[in-house]
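Annotated features in TrEMBL:
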type     : residues : note
ACT_SITE : E401     : active site, proton acceptor
DOMAIN   : 45-156   : domain 'Acyl-CoA dehydrogenase/oxidase N-terminal'
DOMAIN   : 161-254  : domain 'Acyl-CoA oxidase/dehydrogenase middle'
DOMAIN   : 266-416  : domain 'Acyl-CoA dehydrogenase/oxidase C-terminal'
Amino acid sequence: MAALGPLGRIARFGSSICRNHRLIYNRSPQRRGIASCIDPSHGLTDEQKEFQKVAFDFATNEMAPHMAEWDQKEMFPVETMRKAAELGFGGIYVQPDVGGSGLSRLDTSVIFEALSTGCVSTTAYISIHNMCAWMIDTFGNAEQREKFCPILCSMEKFASYCLTEPGSGSDAASLLTTAQLKGDHYILNGSKAFISGGGDTDIYVVMCRTGGKGPKGISCLVVEKETPGLSFGKKEKKVGWNSQPTRAVIFEDCAVPVANRLGAEGQGFGIAMRGLNGGRINIASCSLGAAHACVQLARDHLLVRKQFGETLSNNQFLQFKLAEMATRLVASRLLVREAATALQENRSDAVSLCSMAKLFVTDECFDICNQALQMHGGYGYLKDYAVQQFVRDIRVHQILEGTNEVMRMIISRNLLTES
Ligand SMILES: Cc1cc2nc3c(=O)[nH]c(=O)nc-3n(C[C@H](O)[C@H](O)[C@H](O)COP(=O)(O)OP(=O)(O)OC[C@H]3O[C@@H](n4cnc5c(N)ncnc54)[C@H](O)[C@@H]3O)c2cc1C
């Protein structure tokens, strides 16, 4: 399939970009541009600034006006995501020969940070979809790449990542879903828990056991939605991430062609972890977008809200809190971008840095958003104000794609075993 390529796409939209993106969904009477010290475009190349502008523009115009409705009505915004895919955001780091944008991990982080200012939950799903598309692009053979990647990059079809099971979360390598070889099919039995997009998506990248215990017995299969024996649990009721469904994915004698296996038998756990290295940067980037938006919302609120005869911005305690939030935001961004560069360059510290970024940034950004809510007082607790949704949406980033405790395990293991 011929690829338009990212620059082609950018050129079509570049002229309509506004430099200072504005969060238009909050009821603050005054809107201001981005303060220079937290400007996320610092240090980027001209080309990256263009991607970023496109993503901010999309977040502002196509996502932010709907983010509260998508949350409250639990709507999966398929058409909006397809519009994002027209900009190249369906396969950002997938290779161009199968419809991807062929961008770097750093470019990807910049894009997800910007998109998240418009809706964290939707962007986070797009990031999982991108991760699945990249796994097929990277570990699939020519037929698999040709069959699945173009329809994923265009978001004609949507993907889900299936690792977690009811009995195996943090200890993912203990998964029990079996895939028994019978002729030219694997017969899958078992169930996956907490699958983002589950039931509404079309393509399931499933980690399952084809061999003995432990990670070496795990393989990775692509399961298409129409496959007999595939079914779904009820839609989970969640604190946040409500613009994307979460369901159990169930396999009962589900026959999947051997041709749908990514890589060799036994390579599935490695493939799953390789996907998650990038996934952790992506999810941290989504937290950055939320924190960036919340620092701006808090700043704007302090500048207009009056108590004790003056605006809150004159209160030194709140000034210092705001300064801390901005500092933690910028430090978080630097770590994410360093990890993204390490992963792109396949450096030996990449796995640790991706884990550090996920741990540090999702914790810091949650605290930033929560502090922004506090600065809004009672208004911050109202659903009319976006700040509460950012808090609810990014809370789960400390839990999924490996909990932050698991991140500590990975980092300390590498510290203690590498010489
Ligand atoms: C909204 C949502 C979407 C999700 N989407 C997906 C998805 O698309 N695909 C998918 O595969 N999974 C998904 N997950 C699952 C997610 O990855 C798991 O919830 C996560 O890995 C934790 O597993 P668990 O819930 O079983 O918790 P457990 O593993 O039971 O952990 C419970 C607590 O104990 C801690 N803990 C466990 N072991 C240790 C240890 N050795 N040392 C210290 N602390 C420990 C954990 O950190 C955690 O705090 C999603 C989850 C949620 C909530």
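We count from 1, first residue shown onward.
Quick reminder: no glycine exception, Cβ is built from N, Cα and C everywhere.
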**Complete:** Students should find that the Cβ of E401 (active site, proton acceptor) has, within 10 Å, a number of other Cβ atoms equal to 27
**Message:** Mean pLDDT for the domain 'Acyl-CoA oxidase/dehydrogenase middle' (161-254), rounded to an integer?
**Reply:** 98
**Message:** With helix taken as DSSP H, G or I, strand as E or B and everything else coil, how many residues of the domain 'Acyl-CoA oxidase/dehydrogenase middle' (161-254) land in each class?
**Reply:** 6 helix, 47 strand, 41 coil
